[in-house]
Amino acid sequence: MSVINDSTLYPRFLLTGFPGLENRYGLISIPIFLVYATSIAGNFTILFIIRTESSLHQPMYYFLSMLALTDLGLSTTTLPTMFSVFWFQAREIPFNACLIQMYFIHVFSIIESAVLLAMAFDRFVAIREPLRYAAILTNSVIVGIGLAIAGRALALVFPASFLLKRLQYRVINILSYPFCLHQDLIKTTVSSRWVSSIYGLMVVIFSMGLDSLLLLLSYILILGTVLSIASKAERIKALNTCISHICAVLTFYTPMIGLSMIRRYGQNASPIVHVLMANVYLLVPPLMNPIVYSVKTKQIRDRILRKLKKHKV
């Protein structure tokens, strides 16, 4: 098959939905649409409640706002190609558009990982130093953390896009998912890919790998602090403040580990399983995070209910 390596010409990339189920894409798109609608509505609700309630202008809720913004970014990045495949069966995506989508998918994923780590640090400070909590996590500190999180993600992923653009591809390349991922693009190249592969691995290690280790360390420190509290009621109260965050961490890392395991050990699994796991990885966290925080965080839940009651009146 012919190969393209001229910088003025670009190969064609074809996205893949659920192989063999093309005649059912109309039905399949319904739950996907509902997931997107719920995710976007839920995260906008979280942002609106935090923005309009001055009592929620606290470090914990600022970090929650960062998480909601990240989830909105992740949803809107994957939405166009998902519906072009499932609604219109338009599979082709330009090379540059694919690189841009890949860039932002991985940027938002790395940002989400770092925001979850920042939220763990927030919980540690709140439990360890409750009287100095506001003095430690000032607005300027939170802004600095947010800028560092975004800057790290943007800087880490940019070279990956640049390296991919320098590789050679076939004229027509079939991707495994209805969106563009780094590891999927690497598989389609016909030139040496070891530099891109090693760099991609280093990005994962120094972002999500490092974040997950620091998350574990944070919860070891939190648990040690909680166990040092004399009152059993206070210990339970302190742990309860972490439940929503623990759920968010599990919601983010469990699908990611599942997708990695499927890619590594599931070569004989149906392509539908691979596509399903990739969709779960990108769709479930933005869906579940606002639901978890709305249900498990009393301050958010009470204000949502209050807004609904006012609207009904």
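Including glycine, each Cβ sits where the backbone N, Cα and C put it.
Since the structure is predicted, the reported quantities are computational estimates derived from the model, not experimental observations.
Here is what TrEMBL records for this protein:
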DOMAIN    42-293  domain 'G-protein coupled receptors family 1 profile'
TRANSMEM  25-50  transmembrane segment
TRANSMEM  62-88  transmembrane segment
TRANSMEM  100-121  transmembrane segment
TRANSMEM  133-158  transmembrane segment
TRANSMEM  198-230  transmembrane segment
TRANSMEM  242-262  transmembrane segment
TRANSMEM  274-295  transmembrane segment
> Any residues 6+ beyond the ends of the transmembrane segment (62-88) with a Cβ under 8 Å from its own?
Replying inline: 15-17, 25-26, 28-29, 32-33, 36, 39-40, 43-44, 46-47, 50-51, 101, 104-105, 108-109, 111-112, 115-116, 118-119, 122, 139, 142, 146, 149, 178-180, 248, 282-283, 285-286, 289-290, 293, 300
>> Tell me whether the transmembrane segment (133-158) sits in contact with the transmembrane segment (198-230), defined here as at least 3 Cβ pairs under 8 Å among residues 6 or more apart in sequence.
In response: yes
